[in-house]
Each structure stands twice: as structure tokens, then as C-alpha cells.
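Annotated features in TrEMBL:
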BINDING   Ser13, Ser139, Ser140, Gly141, Gly142  FMN binding site
DOMAIN    8-199  domain 'Flavodoxin-like fold'
Amino acid sequence: MNKINDFLFLSASPNQQASHAYRFADALLKTLGERHPAMSVNRRDLAANPLPPLSAAYGAALTKRTPFDDPAFRQSEQLIDELEQSRHLLIATPMHNFTVPATLKLWIDHVLRIGRSFSSGPEGKVGLLADRPTYIIVSSGGFHHGPQARQPDCLSDYLKLVLRTIGIGNTHFVYLQGLVGGAEAVSSAFSSARQQLSQTPLFATVEPESTPSVPSA
Ligand SMILES: Cc1cc2nc3c(=O)[nH]c(=O)nc-3n(C[C@H](O)[C@H](O)[C@H](O)COP(=O)(O)O)c2cc1C
């Protein structure tokens, strides 16, 4: 029997562990880990360890009643198993050209699988995985929410739809915006993100100063 983890932590920035989103999410996990020392985290860095591109065999297997143990589904099965074995999902992702980066899109294409992670019928697509609290930390060079917004956000609704398709509706987005603006802008982005995080159920009972502060590089 496979081990159940408290968190699956997916990170998607090409900046890997130097990414602002990664560092914010990692600090969040450290804060939670101090409160719950037995907490277990499965980490998958989608930039450091890129997933293989989709194969023709995968595409063909999707359109037939192919058994789950078919070799064409090996990567997909592994990623879906990781989700099934996690109580919470944490995603740290940059915004690339208004939406998710290619690394995360590839994860989506391996995980959204008809007949496995969702079904499709007259009622539309229905998720087959259990819902779980999901936190998404989104970093961006500019602003897409609030009075300074100068661009659309095609990431949040898209990712919400993707996750809802597989059964995950309990989603909370936290935005680290305006990161191109230098150290002061980064500091302000982190304090705004801490404020957003403190309003989520995960931290509802935690005093704001316990939410992650700007982690040192
Ligand atoms: C290919 C590419 C596309 C980007 N597109 C956007 C964008 O549409 N909007 C935006 O605000 N920032 C955009 N950026 C800036 C990144 O969002 C920003 O550098 C990133 O959030 C840094 O996050 P990290 O420190 O977590 O890696 C883009 C960066 C790259 C490399």
C-alpha cells in the first residue's frame, strides 16, 4: 500500500528553488511543518525534472478503452497516483504569457485523462478524484489583479477549470504580483501574499505573523 502524504508540492518555475513562488510556498510548508512535525511532503519540481512530451501512443490510448496498466499510461498513472496519495495540493507557478507555463501545462495533459481522472457524459465532464484543499501561489512580473492590473489573468480561471474537471474544487489562489519592480516591489508582493494567505482556511486560525515572511535567497 502506498504512503499518503499531507502535501503534494508542484513547482513550475524555470527559476526552480530561486523562484519567488517556490520560496513563498516552501516557507509556507516550513511554517506548517513546525506546527505539525510529522507532516509529509512529496515534492515535484516540473522545471528541474521536466515531464516527457506526450507520445502518439498516449494520444491513441486515450481514444480507446486502454487498460490503466498500458505502458502508454505509465507517466500519467504515476502523476495521478501522486495526486491520489496527497491530502493537500500546493502549486507554485509563474504566469507565462497570461497563463500557466509549459511545464505545468504538460503536467495537466498527463493528468487530465478521460476514464481515469474524469468521465465525460451528457452532464459534461465529471471529476473522478477526491476533492482536497488546494493552494496555488502565482508569481508574475506585472499585475493582473487590483488597481494596478494592466493585463488579463488567463491562468486562474483556466487552472480552476482544470482542477475542477478532475474533482478538485477547493482551490485558493495567492498572488505574488509586480515582481519585476525591484526589492521594494518584491517585499510588498510578499506582504500582500501573506495577507491573502492569512484569509484562507489553512491559516484562518493562525496569527498573521506566523504566515511566511520574505524568505532569504
Ligand atoms: C516566457 C515568460 C513569459 C512571461 N509572461 C508574463 C506575463 O504574461 N505576465 C507577467 O506579469 N509576467 C510574465 N512573465 C514574468 C514572470 O511571471 C516572472 O518573471 C515570474 O513570475 C517570476 O516568478 P518566479 O520568481 O516565481 O520564477 C513572464 C516571464 C517569462 C520568462
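Glycine is treated like the rest: Cβ placed from N, Cα and C.
TrEMBL entries are annotated by machine, without manual review.
Excluding the listed site residues Ser13, Ser139, Ser140, Gly141, Gly142, the same chain places His20, Ala21, Pro94, Met95, Val138, Leu176, Gln177, Leu179, Val180 with Cβ atoms within 8 Å of the centre of the FMN site Cβ atoms. The Cβ of Gly141 (FMN binding site) has 14 neighbouring Cβ atoms from other residues within 10 Å, across all protein chains displayed. Shown are the binding-site residues Ser13, Ser139, Ser140; the one with the most C-beta atoms within 10 angstroms of its own C-beta is Ser139. Residues Ser13, Ser139, Ser140, Gly141, Gly142, recorded as binding FMN, reach a greatest CA to CA spacing of 16 Å. The average per-residue pLDDT of the prediction over the domain 'Flavodoxin-like fold' (8-199) is 96, rounded to a whole number.
Under the DSSP three-state reduction, Ser139 (FMN binding site) is assigned to strand. Residue density at Gly142 (FMN binding site): 14 other Cβ atoms are found within 10 A of its Cβ, drawing on all protein chains shown.
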